[in-house]
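Residues annotated as site 'Important for substrate specificity' in TrEMBL: ARG13, THR71, GLN158. Marked as active site, proton acceptor by TrEMBL: ASP70.
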Amino acid sequence: MQPELVLASRSPRRREILSRLGLSFSVQPGEVDEAGVTGKDPAELVERLALSKALDVAGSRERALVIGADTIVVLGGEVLGKPADSAEAVAMLERLQGRTHQVYSGLAVVEVEAGSTVRKAVGHRVTEVTMRPVDREEIEWYVGTGEPLDKAGAYGIQGLGVLLVDRIEGCYTNVVGMSVPLLLQLTKQLGYALVRDFRLPDDEA
């Protein structure tokens, strides 16, 4: 019998990615003080945040495979988090427009047996995103939709934010918040074939 697959994130985008893969999973967001987690660079930061979230949930499970994730946007070496309000979202997008930035997404998969963490696999991917040159009116219209306010870098590429994007280099699902190729790689490291082992029954998929 396979362990339960648990997503340690409240992100609807990550939940949608797993759902589209036809997986059977539950959601239990990891509670982590993100301000208290540091890293020497963006890659280390997202990996540590993802692992912290997964371990927080793993501690309350008896037998599970827990997925933690974190995404940040980096422009010129500066980390851009989620905007606090509409004004900050406009300011972020004005900085991003016409320029190339990096999206880092960290993933951690933690295996729990008999209430204890027995194995874990951690990694990250980086995708380069180049934004179109856009004017303030277009930015304010987008911010007015409300879409940017819960997203790192103040845009969602899977939604209307795609209108601001000129091109990407790298993994698309990484920009959404969870690199599917990386997730497959990490679960394989722990001996699981993700889609085969955790797929919903055909009558539920």
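Note: Cβ is positioned from N, Cα and C throughout, glycine not excepted.
Less than 8 angstroms from the CB of THR71 (site 'Important for substrate specificity') sit VAL46, VAL103, TYR104, SER105, GLY106, ALA152, ASN174, GLY177, each of them six or more residues away in the same chain. Separating the Cα atoms of GLN158 (site 'Important for substrate specificity') and ARG13 (site 'Important for substrate specificity') is a whole-number distance of 8 Å. For the pair ASP70 (active site, proton acceptor) and ARG13 (site 'Important for substrate specificity'), the C-alpha distance works out to 12 angstrom. Taking Cβ-Cβ distances under 8 Å and a sequence gap of 6 or more within the same chain, the neighbours of ARG13 (site 'Important for substrate specificity') are GLY156, GLN158, VAL176, GLY177, MET178. DSSP classifies THR71 (site 'Important for substrate specificity') as strand under the three-state reduction. DSSP classifies GLN158 (site 'Important for substrate specificity') as coil under the three-state reduction. Just so you know, of the recorded positions ASP70, GLN158, the Cβ with the fewest other Cβ atoms around it within 10 Å is the one at GLN158.
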